[in-house]
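J.: Not my notes, these are from Swiss-Prot:
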- ASP196: active site, nucleophile (ACT_SITE)
- HIS72, ASP74, ASP196, HIS446: Zn(2+) binding site (BINDING)
- ASN310: N-linked glycosylation site (CARBOHYD)
- ASN345: N-linked glycosylation site (CARBOHYD)
- ASN367: N-linked glycosylation site (CARBOHYD)
- ASN489: N-linked glycosylation site (CARBOHYD)
- ASN497: N-linked glycosylation site (CARBOHYD)
- ASN544: N-linked glycosylation site (CARBOHYD)
- ASN633: N-linked glycosylation site (CARBOHYD)
- ASN646: N-linked glycosylation site (CARBOHYD)
- ASN693: N-linked glycosylation site (CARBOHYD)
- ASN767: N-linked glycosylation site (CARBOHYD)
- ASN931: N-linked glycosylation site (CARBOHYD)
- 1-49: signal peptide (SIGNAL)
Amino acid sequence: MGTGPLTSGVRAGGGNTGWLWMSSCNLGSPVLPISFLFWLLLAAPGARAAGYKTCPPTKPGMLNVHLLPHTHDDVGWLKTVDQYYYGILSDVQHASVQYILDSVVSSLLEKPTRRFIYVEMAFFSRWWKQQTSATQDAVRNLVRQGRLEFVNGGWVMNDEAATHYGAIVDQMTLGLRFLQDTFGSDGLPRVAWHIDPFGHSREQASLFAQMGFDGFFLGRIDYQDKLNRKKKLRMEELWRASDSLEPPAADLFTGVLPNNYNPPKYLCWDVLCTDPPVVDNPRSPEFNAKTLVNYFLKLASSQKGFYRTNHTVMTMGSDFHYENANMWFKNMDKLIRLVNAQQVNGSLVHVLYSTPTCYLWELNKANLTWTVKEDDFFPYADGPHMFWTGYFSSRPALKRYERLSYNFLQVCNQLEALVGPEANVGPYGSGDSAPLQEAMAVLQHHDAVSGTARQNVVNDYARQLAAGWGPCEVLVSNALARLSHYKQNFSFCRELNISICPVSQTSERFQVTLYNPLGRKVDQMVRLPVYEGNFIVKDPHDKNISSNVVMVPSYYSETYQWELLFPASVPALGFSTYSVAKMSDLNHQAHNLLSRPRKHKSHHVLVIENKYMRATFDSGTGLLMKIENLEQNLSLPVSQGFFWYNASVGDEESSQASGAYIFRPNVGKPIPVSRWAQISLVKTALVQEVHQNFSAWCSQVIRLYKGQRHLELEWTVGPIPVRDDWGKEVISRFDTPMKTKGQFFTDSNGREILKRRDDYRPTWTLNQTEPVAGNYYPVNTRIYITDGQMQLTVLTDRSQGGSSLQDGSLELMVHRRLLVDDDRGVSEPLLETDTGDKVRGRHLVLLSSVSDAAARHRLLAEQEVLAPQVVLSLGGSSPYHSRATPKTQFSGLRQELPPQVHLLTLARWGPKMLLLRLEHQFALKEDSDRNLSSPVTLNVQNLFQTFTINYLQETTLAANQPLSRASRLKWMTNTGPTSYPEPSKLDPTSVTLKPMEIRTFLASVQWQEHRPA
């Protein structure tokens, strides 16, 4: 077996002890709650038989070929989730997950040497609930013996370009918790498995490492990168996935699979394949065993040349394979027997059923020194002119709906945690966060939020989100009634983005409650559609505050034309309630008059400004021409406008067309939507706006609120016209004279920042075939350029593709509509309905000094992702209980969190348990002006108002292992030795967060009983 690997904590394969109460704290009674004890029992490492200990024996001195039987089951793509599970619409795609799992389990039970891996808990959990107790017991035994192994373990195999890190963590937690609850430590995945996502982010690897994974296997990487890795024997190495976290916290061993995730040529034995079976009867005229064995031996020898050890893998399966598992296993049984029989003739090839975990174990035991990777795997191309950078922006409406749903889910989770059981059963009925949790998890799938599914499947994704919002709205209503001591008919305006809200538009009086999911106070301008008139707005202390009614541009809404504006201040993790009343005609002059946009005369200089910022517009073109930071005395010429790339349908150089996945413009220079904009101006005491109309399908409002340190650009694009038979990919572009040396910066899943360079890859010499598409990168929350003194940052409200194709330039793709499929399997052009979609979104623009930039964009991006939730009511309802005094303002925290600290997760985990994640949201050395990149310490024990923490247990990021007992394999690298410190004992009164560190806790709590005021 060779020398065993080094491990931290318990030895691989488990020990004989359960969880010790290490890295935890007893804050109250010495008796642990039953739910907590049950959780400890499930996660006891002493029970971990399924892991490295159950791996099959290999043969030293031979080339060991690990066959990895697997299926790749998309959670929606050409068919919906339900259609895939049940096997509906076989004429679209022959695929049925329920039959796959039935068949695999049956085949595994036939022979003890057979093995299989499974990934998607969205499917497996559904199948599991439909099984008999006998079948469940049989599956538990298979898992315990390592014959059925779970890899990844998330609800889905998530996308890595269009996903926010918080949503990734949530979906992984959901899937891994199902495995923990169902199989205990036997079901603990040790390996991450992303074989189909179209490029890989550095933050994804960091998150996996923090979840306790030992390794990460990839299917798709750039074709040039792969060739280079094969030549340099770098198909496997250590990914150091953070510049801030001290190694090995974000280190993850990463391997590139030899054949994406498909079986080798001629060795596909699924009902969906056409390769002949193994015929081992020499009397048969179809006898092919000898030929297949010789082919296999040559294939194994050739593949070994690209890897460093005497172990290699072959993925035996593909999309929705194993519906008839017997076909696969019967032929692999023969292959294994026939190939291994050649050892008596001198063959040095040993083939075996295996799993990614067992393969990783052998690599670790080899005790080699591995190279280190520090960048990411974007952008991905599978051939010349074939860059998968279009999906960064595909289906922007779905991308925004997903981001809004993440926002609302955190609100729902937090209120459920703050209030406890009364949020689930209250005056408005039964509330539940689970449906939205599951819908959001499904949306992280690499064909969901990516925008790469068929239109009917996209519609179904939206349906799932909408269905999840309902139970959460009930829960939020119950919780707000409990916290405010008042029962009201709450209304959730889901269509505020298109200026529709029936309560505010039809009511003479109403109340506006804003819940703030951040751990710090937030000031925000509220905008609500109203019918023409003037209004009095009162704050939570019943004092009149400033408000304005402004006209909405006619190209925004055909029905309602006015919006009410007022400034709101909402405490940390709490709410504020404002009352609104329409004034009678007699009182109009006592309040601000309505503000209508005024046509701008070209000979006047056009400026909008407040005490912090000024934006100047070209009076001839109507375009933005300069931004000034008055606070820091910075001025930058900035021209912003909308352009579109003419989408390729294929040409003489390549047949590749632009599509849902691929971005390929016909030419490198985009076409302006218009070289000028028709403009009008709104100026009130609260806001100054320039309304720009570029065309019938493209408009924008550039606004500056009172006291705001950033410029807001609210764009409306679509339906994109295609009657000219030209597909169009629309960008918003900012041009400046900044000298940026061909460099720009993008975020990785909303967290750490990566430097990008045009026409450059850090680990190989790039042959650039697409100078536009090949320089596009995913932008989840921000992109910026800098000259070393000033920094221009643009924040997004959804994931988009972005780049800087010329010095001082920055562009983001906001919408795309295409007429041709890109030949990647969807077989449907990205038309988005017959007429196309109209999409509205926001870009927030910051101009600041480099030293101050991080403090600005970190906090603003956090507020953009987790904005206050607006809830309306008519007021005047009954008290929550007798003698209750209504509350119009509330905070769930005893004190605000420091600006460095983000409350990433606060959610119910059990009847008396909560899940808590605290995050340091600044990178190392990122902020010097305010010292925000320094470690910060806080008291968790006395942090919350509504409950008392009795016990606190620190866990890995996905909350499925105690941190003190988490065991990860150790690896030697060419960068030198790495220290492996033991987790320190937890003191809940003094929890320290280092830059970019996330700490995860499970807490046993007691909610306060409500007392009549």
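Note that Cβ sites are derived from N, Cα and C of the backbone, with glycine treated the same way.
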J.: Within its own chain, what residues at least 6 apart in sequence put their Cβ under 8 Å from the Cβ of ASP74 (Zn(2+) binding site), listed in sequence order?
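T.: In sequence order, TYR84, ASP196, ASP319, PHE320, HIS445, HIS446, ASP447 meet the Cβ cut-off.
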J.: Nearest to ASN767 (N-linked glycosylation site) by Cα, among ASN310, ASN497, ASN646, ASN931 (glycosylation sites)?
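T.: Among ASN310, ASN497, ASN646, ASN931, ASN646.
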J.: Return only the integer: C-alpha distance in Å from ASN489 (N-linked glycosylation site) to ASN497 (N-linked glycosylation site).
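T.: Their Cα atoms are separated by 22 Å.
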J.: Going by C-alpha distance, which of the glycosylation sites ASN345, ASN367, ASN544, ASN646, ASN693 is nearest to HIS72 (Zn(2+) binding site)?
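T.: Smallest Cα separation from HIS72 (Zn(2+) binding site) among ASN345, ASN367, ASN544, ASN646, ASN693: ASN367.
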J.: Specify all same-chain residues, apart from the site residues HIS72, ASP74, ASP196, HIS446, whose Cβ lies within 8 angstroms of the center of the Cβ atoms of the Zn(2+) site, ordered by sequence.
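T.: Here the nearby residues are ASP73, TRP77, MET157, ILE195, PRO197, ASP319, HIS445, ASP447.
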J.: Tell me the Cα distance separating ASN931 (N-linked glycosylation site) from ASN633 (N-linked glycosylation site), rounded to the nearest angstrom.
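T.: ASN633 (N-linked glycosylation site) and ASN931 (N-linked glycosylation site) have their Cα atoms 22 Å apart.
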J.: Let me know the most crowded of the glycosylation sites, choosing from ASN693, ASN931 and counting other Cβ atoms within 10 Å.
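T.: For the glycosylation sites ASN693, ASN931, the Cβ with the most other Cβ atoms within 10 Å is ASN693.
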J.: If I take the alpha carbons of ASN345 (N-linked glycosylation site) and ASN646 (N-linked glycosylation site), what is the distance between them in whole Å?
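T.: Here the two Cα atoms are 62 Å apart.
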J.: Spatially, and counting Cα to Cα, which of the glycosylation sites is closest to ASN497 (N-linked glycosylation site)? Options: ASN367, ASN693, ASN931.
T.: ASN693
J.: Taking just the CA atoms, what is the gap between ASN544 (N-linked glycosylation site) and ASN693 (N-linked glycosylation site) in Å?
T.: 35
J.: What whole-number Å value do you get for the CA-CA distance of ASN693 (N-linked glycosylation site) and ASN931 (N-linked glycosylation site)?
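T.: Cα-Cα, rounded: 43 Å.
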J.: Translate the DSSP assignment of ASN693 (N-linked glycosylation site) into the three-state scheme.
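T.: The residue in question, ASN693 (N-linked glycosylation site), is strand (DSSP, three-state).
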J.: So if I measure Cβ to Cβ from ASN310 (N-linked glycosylation site) and keep only same-chain residues at least 6 apart in sequence, which ones fall under 8 Å?
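T.: Residues satisfying the criterion: PRO60, GLY61, MET62, LEU63, ASN64, LYS304, ALA366.
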J.: Could you check the glycosylation sites ASN367, ASN497, ASN544, ASN646 and say which one's CB has the fewest neighbouring CB atoms inside 10 Å?
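T.: Output over glycosylation sites ASN367, ASN497, ASN544, ASN646: least Cβ neighbours within 10 Å is ASN544.
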J.: So, in DSSP terms, is ASN345 (N-linked glycosylation site) helix, strand, or coil?
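T.: ASN345 (N-linked glycosylation site) sits in a helix per DSSP.
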